[in-house]
């Protein structure tokens with residue numbers, strides 16, 4: 001309990017640094033860009049359009065029939081998976097990229113992976129404008145009684161991302177090959193997260209394999225709240241919580257155990 005209290009006190013002490021780092025990342029990401037932060041909306045919209053044309057027209061048989069509002073179904077999966085990939089990929093490099101700063105002044109090392117995940121969350125929030133646009137174009141009704149529940153899987157996904165980010169950032173300091181392995185793994189995970197198809201159309205074995213993937217649960221939980229108006233059941237809430245808790249526990253353990261050795265490998 002004392003350790004948790006100290007960690008929170010440390011986080012509160014450096015909250016302004018966290019805010020400044022997030023602001024800096026936004027400026028760097030959209031520097032010399034004519035449209036600037038508007039790309040946070042345009043990028044998912046254009047990607048959704050391309051994927052919609054491919055999977056709704058050319059490869060319609062692959063995704064299966066019976067998905068109402070395929071555009072909404074698709075963009076929700078795309079937005080949440082992009083949030084996951086952006087968070088973890090940026091967090092992975094964060095400690096090593098800030099090595100010069102860490103050598104000069106004392107800053108809790110976990111601040112950097114956390115900042116990347118917070119930045120990705122803010123960027124994801126801007127991207128939800130694209131979701132609103134798709135819902136308006138497709139005349140998708142929203143059940144507000146359940147839509148607010150989508151905050152839960154989004155928050156759980158943030159902590160899941162943070163746990164994975166802490167784990168990867170610790171490993172990346174020692175083994176640079178982790179970056180290439182993670183890129184390939186994320187590509188594989190795209191097809192195992194039911195982003196553009198209904199998993200119910202697959203065989204029983206394939207469905208069980210997809211259910212092992214935490215991203216499937218976060219994406220499905222969000223769809224249930226926003227797209228289908230069904231809300232969350234107890235199983236969905238427990239699974240999302242357990243995925244986030246296990247990820248955070250593992251990430252914090254590995255990061256805390258190895259952080260004192262980072263400086264030797266930077």
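Glycine is no exception: its Cβ is also placed from the backbone N, Cα and C atoms.
No curator has checked TrEMBL annotations; they are predicted automatically.
The transmembrane segment annotation in TrEMBL covers 34-55 (among others). If you look at the transmembrane segment (34-55), the same-chain residues 6 or more away from its ends with a CB under 8 A from one of its CBs are 26, 62-63, 70-71, 74-75, 78-79, 82, 123, 126-127, 129-131, 133-134, 196-197.
Residues annotated as domain 'ABC transmembrane type-2' in TrEMBL: 35-258.
Per TrEMBL, the feature transmembrane segment maps to 67-84 (among others).
Under the heading transmembrane segment, TrEMBL lists 117-139 (among others).
Feature annotation from TrEMBL assigns transmembrane segment to 151-174 (among others).
Same-chain neighbours of the transmembrane segment (181-197): 51, 55, 62-64, 74, 77-78, 81, 85, 88-89, 92, 168, 209-210, 213, 215-216, 219-220, counting only residues six or more beyond its ends whose CB sits under 8 Å from a CB of the stretch. Annotation source TrEMBL lists transmembrane segment at 181-197 (among others).
When Cβ-Cβ distances below 8 Å are used as the criterion, the transmembrane segment (234-255) is approached by residues 109-110, 113, 152-153, 156-157, 159-167, 169-171, 214, 217-218, 220-221, 224 of the same chain, each at least six residues removed from its ends. According to TrEMBL, the feature transmembrane segment maps to 234-255 (among others).
Outside the transmembrane segment (117-139) by six or more residues, the chain places 18, 21-22, 25-26, 37, 40-45, 48, 69, 71-72, 75-76, 79-80, 82-83, 86-87, 90-91, 154, 158, 161-162, 165, 226 with a CB less than 8 A from a CB of the stretch. Beyond the transmembrane segment (67-84), the same-chain residues lying 6 or more positions past its ends with a Cβ under 8 Å from any Cβ of the stretch are 44-45, 47-48, 51-52, 55-56, 120-121, 123-124, 127-128, 130-131, 134-135, 137-138, 140, 154, 157, 160-161, 189-190, 193-196, 198, 215, 218-219, 222-223, 226-227.
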